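Annotated in Swiss-Prot:
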| type | residues | note |
| --- | --- | --- |
| BINDING | Ser9, Lys41, Val78, Arg92 | substrate binding site |
| BINDING | Ser9, Phe10, His17, Gly93, Leu94, Arg95, Glu103, Val128, Arg129, Thr130, Ile131, Thr132, Ala133, Thr134 | ATP binding site |
| SITE | His17 | site 'Transition state stabilizer' |
Amino acid sequence: MTIAIYAGSFDPVTNGHIDVLKGALRLADQVIVAIGMHPGKKPLFSFDERVALIEASAKAVLHKDAARVSVIAFDGLVIDAARKHGAQLMVRGLRDGTDLDYEMQMAGMNGTMAPELQTVFLPADPAVRTITATLVRQIASMGGDIKPFVPVAVAAALNTKFKS
């Protein structure tokens, strides 16, 4: 069985993240969505909220394939989380050349530290290429319409978060 790990902060999960997740499910039998926990960052959504949003979004968009997705938290190196959960592939989404430059450096370092773990780059669909969680949060905080950029459950959660 092929297991892939897809790491990020997912604060919040966007249609771009879901696009990468769909691609990962074409490559692997099981995909672990690994939410990085960074002590220096204060996320908008708690870990539990992000898990719930990822799971709800996966069910709504991926239907039966959502059963092949699990969500975990990790701190430290993603390669350690990958090893712990038996992943052979590390999936990374690419929006543009800037992402590629950074991700190539990370893949090189990860490849040196964990040669058994193969990094796979998935280019974002042009329809979601410009979406970032940071921009989504900014638009939502100013009352803008974020529905084109995030799954339905996430749009509702963002609207609730910024109305309170």
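Each residue, glycine too, has its Cβ placed from N, Cα and C.
Swiss-Prot feature annotations superimposed on the structure.
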{"residue": "Ser9", "record": "substrate binding site", "contacts (Cβ under 8 Å, 6+ apart)": "Ile35, Gly36, His38, Lys41, Pro43, Ala133"}
{"residue": "His17", "record": "ATP binding site", "contacts (Cβ under 8 Å, 6+ apart)": "Gly8, Phe10, Gly93, Ala133"}
{"residue": "Val78", "record": "substrate binding site", "contacts (Cβ under 8 Å, 6+ apart)": "Ile5, Ala7, Ala34, Gly36, Met90, Asn110"}
{"residue": "Arg92", "record": "substrate binding site", "contacts (Cβ under 8 Å, 6+ apart)": "Tyr6, Val20, Glu103, Met106, Ala107, Thr119, Val120, Phe121, Leu122"}
{"residue": "Leu94", "record": "ATP binding site", "contacts (Cβ under 8 Å, 6+ apart)": "Leu100, Glu103, Phe121, Leu122, Pro123, Ala124"}
{"residue": "Arg129", "record": "ATP binding site", "contacts (Cβ under 8 Å, 6+ apart)": "Gly16, Arg95, Asp96"}
{"residue": "Ile131", "record": "ATP binding site", "contacts (Cβ under 8 Å, 6+ apart)": "Thr14, Asn15, Gly16, Phe149"}
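Counting Cβ atoms from all protein chains shown, Lys41 (substrate binding site) has 9 others lying within 10 Å of its own Cβ.
Among the residues the record lists as binding substrate, namely Ser9, Lys41, Val78, Arg92, the two farthest apart have Cα atoms separated by 21 Å. When the neighbouring Cβ atoms lying within 10 Å are counted for each of the binding-site residues (Glu103, Ala133), the highest count belongs to Ala133. Secondary structure at Leu94 (ATP binding site), taken from DSSP and collapsed to helix, strand or coil, is strand.
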